[in-house]
């Protein structure tokens with residue numbers, strides 16, 4: 001799974017016109033929310049009758065289908081052009097590997113600070129998503145006395161907000177910029193924290209989950225294109241993928257942090273008229289997401305933005321000089337994807 005995201009993001013975005021990359025980024029990233037939503041629907045409708053293994057069989061089937069689709073879809077025009085040029089130069093695998101290692105070292109020497117920044121950014125974003133999702137069903141069941149069915153439905157409603165937020169934010173970022181869009185949507189997260197944890201009714205908490213996920217996944221919807229544009233161009237698959245997964249690894253303990261904090265900060269709830277001491281998930285989640293949101297806003301503001309970058313015109317990491325930021329590919333590789341297809345159609 002760690003190898004897929006960076007490659008998929010780079011492949012999808014480099015084949016889009018620059019003016020459509022914002023919404024493309026939002027739609028691409030919300031595949032995550034759609035998968036989460038689908039898993040919640042399966043959990044609601046099939047797991048009770050067929051057991052939890054049905055989730056794994058479904059995921060395996062979808063993954064296999066995605067692999068088949070990727071086999072059918074042709075490679076990027078830019079990749080094919082670069083491959084043709086390598087063939088014309090007689091470059092073999094050993095030479096390509098040596099060149100890649102050399103250019104990677106050059107890139108790291110030039111952009112080590114950017115690498116650290118990207119990891120910090122993705123750490124904040126992964127804490128934001130996991131902190132707002134992983135423990136929320138448990139919170140609804142334990143602190144709000146929801147049934148498993150109602151907690152799952154609230155999760156589904158929240159992920160509908162995530163899908164909408166990603167598409168909207170991606171589109172908006174094309175006009176007002178990537179960083180400003182992220183900041184606006186993360187501020188929305190902060191604004192809706194009270195609605196997300198304080199009410200006791202299903203409708204109010206579901207609305208809170210919807211609004212929170214509009215903000216969280218709206219900000220996330222800008223991330224694929226923001227990372228692609230800030231990356232050293234020749235490493236636009238490797239750089240975002242590694243930064244994303246390191247951030248994901250660091251934030252893996254989100255649920256444990258919240259659960260431990262809640263267990264140490266008890267609250268009293270009334271169940272059937274009887275007071276009961278429970279873990280205070282509401283307070284801990286609110287504090288956790290508030291702190292993480294503030295961190296994401298700050299780290300986003302101080303970071304770079306390269307809105308409208310034509311990274312597809314750059315040399316690949318397997319070409320000499322690919323590690324330089326100004327290493328534009330040969331003229332044959334600078335034609336846009338749609339121009340390449342037009343040329344093929346005319347021929």
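Note that Cβ sites are derived from N, Cα and C of the backbone, with glycine treated the same way.
What TrEMBL annotates here:
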{"type": "COMPBIAS", "residues": "310-327", "note": "compositional bias 'Basic and acidic residues'"}
{"type": "DOMAIN", "residues": "1-307", "note": "domain 'Major facilitator superfamily (MFS) profile'"}
{"type": "REGION", "residues": "310-347", "note": "region 'Disordered'"}
{"type": "TRANSMEM", "residues": "54-73", "note": "transmembrane segment"}
{"type": "TRANSMEM", "residues": "112-131", "note": "transmembrane segment"}
{"type": "TRANSMEM", "residues": "151-173", "note": "transmembrane segment"}
{"type": "TRANSMEM", "residues": "180-198", "note": "transmembrane segment"}
{"type": "TRANSMEM", "residues": "282-302", "note": "transmembrane segment"}
Annotated stretches the transmembrane segment (282-302) and the transmembrane segment (112-131) touching (3 or more Cβ pairs under 8 Å): yes
Within-chain partners of the transmembrane segment (54-73) [C-beta distance under 8 Å, separation at least 6 from its ends]: 35, 38-39, 42-43, 46-47
Taken over the domain 'Major facilitator superfamily (MFS) profile' (1-307), the model's mean pLDDT: 89
